[in-house]
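Engineer: Here it is, the structure in full.
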Ligand code: TYD
Ligand code: MG
């Protein structure tokens, strides 16, 4: 390959160009292009092997050392998402929309960790100490031995951490931090990247755990470069609908535990409270069986969670009928509509489709396909699905139903919550469940014919 003359690199996506521009052509981010000078001015052809480096000390993969003990906060939902507690010297990034409750969650976590004897420092770059103290009072945490600082200067924060040597530092938020050796405004990509890098390397070197709060952009990504996600060990997203009281903390990356694990919280006047049994909560305010409502037996991380899909189908005045989805993937909905039309002869042309997951939950499992199809048909045919039925299964493009993982756990949860019928793909591996009848179908057409007398 010819030697590249490019020396301008996008700090967001890593694309390199030969000239500066205000906007990166490859990822569309603004003001992310920075000139990167080569490390040495020497001839580029000189290979690294030419001059000897220092031999690195090697260790064995097999070791008798026991892993360092995790610190458990006592907030079970939070600890589970971390993979069973906070790992010393780990870096955690918590992302979420503004106002979703990140500061509340972390102040509560800080108080719990501090009460467990972990020296905890909470640095707020957004609120004054008095504000944080007032919130703590409202949450009933005023007596927790948490050290507070309201500061944005990274150099001062690092010096403080050096002197205080806490076991855990919480930085709220990484976008407000300002490194004086970087020549751009706080919140800019280079600042965020530099601040995250400094804090994470400090944490690793000093054996301190660090939790960074990150704001999320309109596109739902943590503002600033993706590289921040690579720098940390664990990435958690705090999500939920502002109008709903439920909040879900989801691990999207975890070097110390399973990803996709969730913790469920409820936002109350006294802060976030844990929800130990999310299924019961998500289904608690169900009305009488209405057309378009279907209960899906889902799995989130290691836990079964039952949620309700709600669907409304109405004649559309538009030439392009509306497809409105909340809590589920729009592309996946289009696929299911296409399969229903092509394989079962049920068209949705000329009909508006609204699909919701109740309670502000977000479902991403393909296992929900059959529940979505069931909700769609139930709404379209105006036939209510019996109240005591759960549905799960993946739909393939051919219209076949594919068995999904963890069938046993899904059925157990349904049985526990008093459901009497489960609709699942044929060949699903499951043992007998007293009181729960399993209806299985090999194809979507068979299911449609049986349930709705069409197809
Ligand atoms: P906050 O933690 O400040 O959100 P973030 O840090 O993610 O921006 O939470 C703000 C919202 O939470 C605010 O709209 C009020 C609500 N809230 C409660 O409902 N109860 C409470 O006890 C607290 C502290 C906040
Ligand atoms: Mg906040």
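Glycine is treated like the rest: Cβ placed from N, Cα and C.
Just so you know, TrEMBL annotations never went through curation; they're auto-generated.
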Engineer: For the record in TrEMBL, which of the ranges 248-252, 253-257, 258-262 is the motif 'RadA KNRFG motif' one?
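Structural biologist: Within the set 248-252, 253-257, 258-262, TrEMBL attaches motif 'RadA KNRFG motif' to 253-257.
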Engineer: Around the ATP site formed by 96, 97, 98, 99, 100, 101, 102, 103, list the extra residues of the same chain whose Cβ is within 8 Å of the site's Cβ centroid.
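Structural biologist: Filtered neighbour residues, in order: 238.
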Engineer: State the three-class DSSP label for residue 101 (ATP binding site), counting H, G and I as helix, E and B as strand, and everything else as coil.
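Structural biologist: SS state of residue 101 (ATP binding site) = coil.
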Engineer: Counting only residues 6+ apart in the same chain, whose Cβ is under 8 Å from the Cβ of residue 103 (ATP binding site)?
Structural biologist: 124, 126, 127, 132, 135, 172, 213
Engineer: Among the binding-site residues 96, 101, which residue has its Cβ surrounded by the fewest other Cβ atoms within 10 Å?
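Structural biologist: Per-residue Cβ counts within 10 Å for the binding-site residues 96, 101 bottom out at 101.
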Engineer: Using Cβ-Cβ distances, find the residues under 8 Å from residue 98 (ATP binding site) that belong to the same chain and are at least 6 apart in sequence, listing them in sequence order.
Structural biologist: 215
